[in-house]
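Working notes, beginning with the structure itself.
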């Protein structure tokens, strides 16, 4: 029995980057009272009496595991003068600040979480703890999937330790620092895995599978592993060996993969049925709308054929044809002008020769006058070798006149012929004369 009128204070201090765990052993008894006003145990998270209060404890039931958030824990026990009890006995341990928690039917414990979650800085030592919680009333089976220590057989530099129940030294189940790590069966529902690696052993690693199991006989929702353990049916044929021996994966090869219709659940079937019904209703509605909708009459009107417009589009323009014919007529008129010039030269030469031969011109005056009166009936030979061009609808030509004039002065008549040739044929030649003048004119109209 603890003595009366006692006040004891304990201050626990861990190393940097570590925390404190406090566990209570049996038997445990502190005088029970309302809100623990009399005999009690007070625990604070820190090094002082005014640090945050974790809780006050008294009565017959021992407290659960207490864990600090830092590297200090403050504990005080007080007893009065009246009733006493058996007291308490507690154990403390220093754990690293790097911690992880896992629970469930199975799972993977891996050292790579330390780098992924940046629990430690590069170049620092690794001291981490993984706490595993099994399903209710179950135990824990641990099997290493990967294990490698950078400095084998040097446990002071790197190791992996397994605890059964808590991280206390007396609960140490196994410690591995060599080249091989064996499977571990825990007898409680709480397992603790600790990894330590100094600054020069950061390449050490491990990967571990934990499985929750119960002792036989197995119930309806469990599978018997033939090794004194029953696991959950959901772990059978999942591609991972959860039993100590691969009984849970041996017969999975004989099972056929479920087909498409077998994979469709009731929810999937309901969704597919509703969707198909909606599509079918919409299709029926669209057909009814098309049937009942009045049809539009389409009147095909034939437009009158415009021959003039059609001809204007496809016939070549007239001016192109006229331009081509103008070029041919210009060439023909150039030849005609040359022939007329030759004809005038011949006339001049013949007249001059007659005047010189006769030595006078009087005898020809009457002839000339007579010719003046008969010029209208005189026929002038003219040769036209050019065919008359085809008339054009839109072509408009203006023809000018060229005249030949005969003059008589003094003793010798000189015949001067002035000509102007225009560019159009056919032509018409006619002669006009007057009796009261000594002039006559020969005109050619084109």
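Even glycines carry a Cβ here, placed using N, Cα and C.
Where the annotation comes from TrEMBL, it is an automatic prediction and has not been curated.
As stated in TrEMBL, the feature coiled coil covers range 326-353 out of the listed 326-353, 354-381, 382-409.
Here TrEMBL gives transmembrane segment for one range in the set 252-270, 271-289, 290-308: that range is 271-289.
Across the fold, the C-alpha of residue 237 (disulfide bond) and the C-alpha of residue 243 (disulfide bond) stand 11 Å from each other.
For residue 252 (disulfide bond) paired with residue 243 (disulfide bond), the C-alpha to C-alpha distance reads 14 Å. Of all Cβ atoms in the shown protein chains, 15 besides its own fall within 10 Å of the Cβ of residue 237 (disulfide bond). Within 10 Å of the C-beta atom of residue 225 (disulfide bond) sit 24 other C-beta atoms, taking all shown protein chains into account. If you count neighbouring Cβ atoms within 10 Å for each of the disulfide-bonded residues 218, 230, 243, 252, the highest count belongs to 243. Between residue 218 (disulfide bond) and residue 225 (disulfide bond), the C-alpha separation comes to 10 Å. Sorting the domain 'CUB' (98-213) by DSSP state (H, G, I as helix; E, B as strand; all else coil) yields 10 helix, 60 strand, 46 coil.
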